[in-house]
């Protein structure tokens, strides 16, 4: 077929139609078909992995607590690290990428660490911390400085002596950077171990307080030596050293100030959420975390910021939210902290497998020895100084537990991972840090509980204070502050009394709702005390001195009831006999009434009605009514909203309220015991109540 004949319509059209059909069918085949189910793993990969990790770590912790022989002798932190090591070994065997299975320092410091530190600050026993503030500050500041420079200079000296390998080199500031992170006691590890062995409050607050605050000191030292390392020893001038020393105080104090400011801000926000109560926990969690992020942003201490924020805001926030909200905050805080701790230890084991390690066994052994030796020297020397000024001394057993309880954890590993890559010895430092963490968590963490039992260390009894203990504790606080004022000594009791006054008269009215200043007029007591003191002084000076209006404290009862006094119609014996007779008669009458259980029920009902009337008259009934923030379901929520609206309408109505009083003839007979029931006719029941009320008044001579 020629070209001309092919171009004719009758010959060209069939071929064109064939090509068009093939093109259309090809496009149709490329179109997607409708699928009922479709796998979208890549879209939810990140949150799914995070959720699965948390669920898996929490499940492992539940499993360990159910396996008694493991949880009895091995701390949960050590078991979780073992789980992380096992998972890391499996992932490495199947050649899986560790991108999602390693602990990055940024993730740790910005998302995992803040809930743990906030929990530590929010649940910190403030009174115990205040009473041991001197020892905690000495351990956390002076002890950390001593350990940092002692470990760093010792390891640098061993390097100069040629103890370590030939290919292992570091500068003075690099080893001080490593010493700063390895000398810090880790609060995560301390909480995980010391809460399981239940040591007494005195030891726990010293170890835990040191672990919490020395992390702030460690981060300051770490940042300072990191800056010195980046600048270079040859480029440093004298002013840089002074600025570094000044930054130590500026960063620490600045972090504390930020924490206090955000704590006040949290209290103010929760103060005005009484009409939107569900938002109060939101501020309680977000504002402390904002304090952490803000302190990190301006290069201050975020750990000190969030810990002081939690400690300071607690007493004001608890007064601004309801009981149900307090419970929610408590459980949610503990849940976040426990989850973070669990994930930290699992990821610590995983990161051990995923990290690139370089070993220098001489350096590892020297670091372990320096940590143990200088920790012991620092604790013993500081306790020696503290025992000269403390009434409660640190015993040798206490000093041993303090020395042995210096556990290292994930904070040291996170700081080691965030070292600059320009440091050639960074792989050696990371490997040594992991070895020190494993040594303290496994060896010291496992053996500390048997040692506590062997040394008979006092443990917590878990018993809450009785009312008498609380009252006498406050009484002793006031007594000791008064004695300090009399002696002319300004100690921590005087400072506590001063802060209580500032807190009650200025801070609480400003930061809490429905808080009124309690004005206590001690003028009458002081005037009476002055008269008694003057009378006793005159009596001691001139002999037996009697005054009709002023009586010594030791004889006030005797002279008041003296039989020779003409102002009294009967003597002491007659008064006592008459009083005893009245008491016996009243006791006998009340006993007759209380024999019948139904009478007791009626008395309880009478007192309940009287209490309700008294509360309504004083306006306290609405305040004492317990009301949950959130209803159990939406129907309850709608009903509660309607009831509140009706109450508001009743309060704003101008219609007069009529009170109808129905007099009932009182009877001296007892109500019939066989027909004494709460049911039946309402008027008859009210009549029986009034009848019984009159009978009770007559027999007991008491006005109900």
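Yeah, the Cβs are placed from backbone N, Cα and C, and that goes for glycine too.
Nobody curates TrEMBL annotations by hand; they come from automatic prediction.
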Of the residue ranges 29-47, 276-294, the one that TrEMBL records as transmembrane segment:
276-294
Feature transmembrane segment in TrEMBL, mapped to one of the ranges 136-159, 304-327:
136-159
Leading contact stretch, 106-124, 245-269, 276-294, 361-385, 428-446 vs the transmembrane segment (203-225) - CB distance under 8 Å:
245-269
